[in-house]
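To start, the structure itself, in structure tokens.
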């Protein structure tokens, strides 16, 4: 007998596994893939009261839906779970034991640095095929060429095409989880057939951001084609499955293509980045109420991240987006990590990053607070670049000696005080986002922002 499942609380998001047409008037019909929110448990534990995305409520059968979960923190997602990196020929043969025809893995070549080796178990022994890397393409036979390892594996999975056998079963590297399986299990996998890509709205070094249509709704889609880059973006997507707040850009789902493409689908923010929004409108259009509202929107998102132990690490007006109805939402979770983790900082935006984060790679909610102070300065200067007229190389030495930017023209003194509090050199002296929100609400209530 199966254990009785604990009832899902109100607010739980579910994804439909099948179509449900409904038989009674109180039923809520839905299609496979729809996202539904639980409103309440009914007397019968097999049925829930739920609402769909347009707010219509009704009764749904529990066994037709699955609960959406965050991808577990610490799960090592991989687009290539069969890729084992630098292992020797002998280690590969041990991993493919006991022999099973079609069991395979890919490793880095030990004899030919820069190339790879496909190791396949076949009729009791292991065959090793060199994958040559030439002119940015991969090939085993120098006849068929592939853009990346995923395309190569997909090809030989459907057809042996000269190998001893077609690839049947990947030998998954210990500790990794196939990304597609995990997004599917946790209810975040979307169907490529239902996504229409309409036009490019942004270009990044990783690929394009496109306006799309998913089941009749406008969406933004990050299209990542390169397998190494896609691997890095998996971390961003899995962080986004754990976060839900009205001032964070909402993940709608992920599509992992067998050929190696990764599509991250989010809500569409019609008015673009906050920095462009501010620059294109300026003082004549945007009054004090509007600037303070944007400041509070961002602060509430950051208070939520603070409360859930996430550090954003790249907070700036360019990474805040504005919706059709003028709500500011924090986006770009590429560097967001659980608070305890450290990482190599690579190319950090010097003018937005706290001194201790630049110096010792110490990231915390308090370094996010420093960046929030810079973002407030951007808002009240209508999108100017911080530290105007100071050469980039001089910014850090001056800041470490205690230099703080002047208030932007026309900035209310009370708001400038909040900025300066964010720029304490001693991180412990900076306010929390909870305190910052309270300070901004005090300014709003007492109309100190006008």
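The chain as shown is numbered from 1 upward.
The backbone N, Cα and C atoms fix where each Cβ goes, glycine too.
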Per Swiss-Prot, the phosphotyrosine among 380, 416 is 416
Per Swiss-Prot, the phosphotyrosine among 64, 184, 214, 263 is 184
If one consults Swiss-Prot for phosphoserine across 341, 364, the residue flagged is 364
Filtering 133, 268, 304 by Swiss-Prot annotation phosphotyrosine leaves 304
Residue counts for the region 'Interaction with PTPN22' (9-70) under DSSP, helix then strand then coil, are 3 helix, 27 strand, 32 coil
Comparing the Cα of residue 364 (phosphoserine) with the Cα atoms of the recorded positions 201, 209, 304, 416, the shortest distance belongs to 304
Cα of residue 201 (ATP binding site) to Cα of residue 314 (active site, proton acceptor), in Å and rounded, measures 21
Spacing of the two Cα atoms, residue 304 (phosphotyrosine) and residue 314 (active site, proton acceptor), in whole angstrom, works out to 16
Rounded Cα distance, in Å, between residue 314 (active site, proton acceptor) and residue 416 (phosphotyrosine) is 22
